[in-house]
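A.B. asks: Below you'll find the structure I mean.
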Amino acid sequence: RLVNGTSSCSGTVEVFYRGEWMGLCSSWWDMSEAKVSVRLVDGAGLCSGRVEVKSNQSWASVCEADFDRQDAEVVCGELGCGAPAALQGGLYGGGEGQTWDKEFQCKGKESLLLDCDTSDRKINTCLPGNAVGLTCSEPDDVRLVGGGSRCAGGVEWYDQGEWRTVGVEDWDQEDVAAVVCRQLGCGSTVSVLPGDTTRGFRVSCSGSETLLRECSRHYDLRPGLTVICVLNQAHSQAISIDKHCNFQRGTSRSNNGSAVKW
């Protein structure tokens, strides 16, 4: 996108990468990079819609015949989404206006669509109304490790092919923990514990985000975060942590009389 300009066609260049809008260093940017970008439109969100590419200030739909699974993997990755889940012509409308006149030849490992090779069509196989629609899965890019269950442990984020520790400032701990528990479907936060000596890239959230990738990411290192989440109030009341952060084991009763062990 272009921000802080006088119109939608001017401003500071920002790229949505792994959950956040980021500026580009001028040394990374020249006219070849200004030529092509990609978006998904008329879908349910950032990760689904009709594939459109922008070239020389004009958006154009992409024909189904010119776009395959490997191309889709690159687009989903560029937008910070998970793997392609559905790829079909006309899935999000047939497209209006211009149609992209080249065939993408991605290998599936490129970081950006503009890094992929393209070729001219040898035969016009693009049927009217057959613009390709793409649905990317939501990324399963957050986990809690070392806590004995998927809803407890140190927070890690999958980034650039590896799991990395998430670090936070003291005042951001509760907000980040709330987003992590929400994304994992683990309910609310019971406790936020000091992390170990491992440090990770800093993340800050408002606490209202649905996914951790919607939070701000910073490249300075902070202590790791350990979180305990619970799905209901009965479990929350059943967990006790002493001042040394050790779990106290026992049994209590939930509202319906069933035993809750910890």
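Glycine too: its Cβ is placed from the backbone N, Cα and C atoms.
TrEMBL does not curate its annotations; it predicts them automatically.
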A.B. asks: What is the disulfide partner of C116 among C106, C126, as given in TrEMBL?
C.D. replies: C106
A.B. asks: Which whole-number value in Å describes the distance between the Cα atoms of C106 (disulfide bond) and C215 (disulfide bond)?
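C.D. replies: About 30 Å separate the Cα atoms of these two residues.
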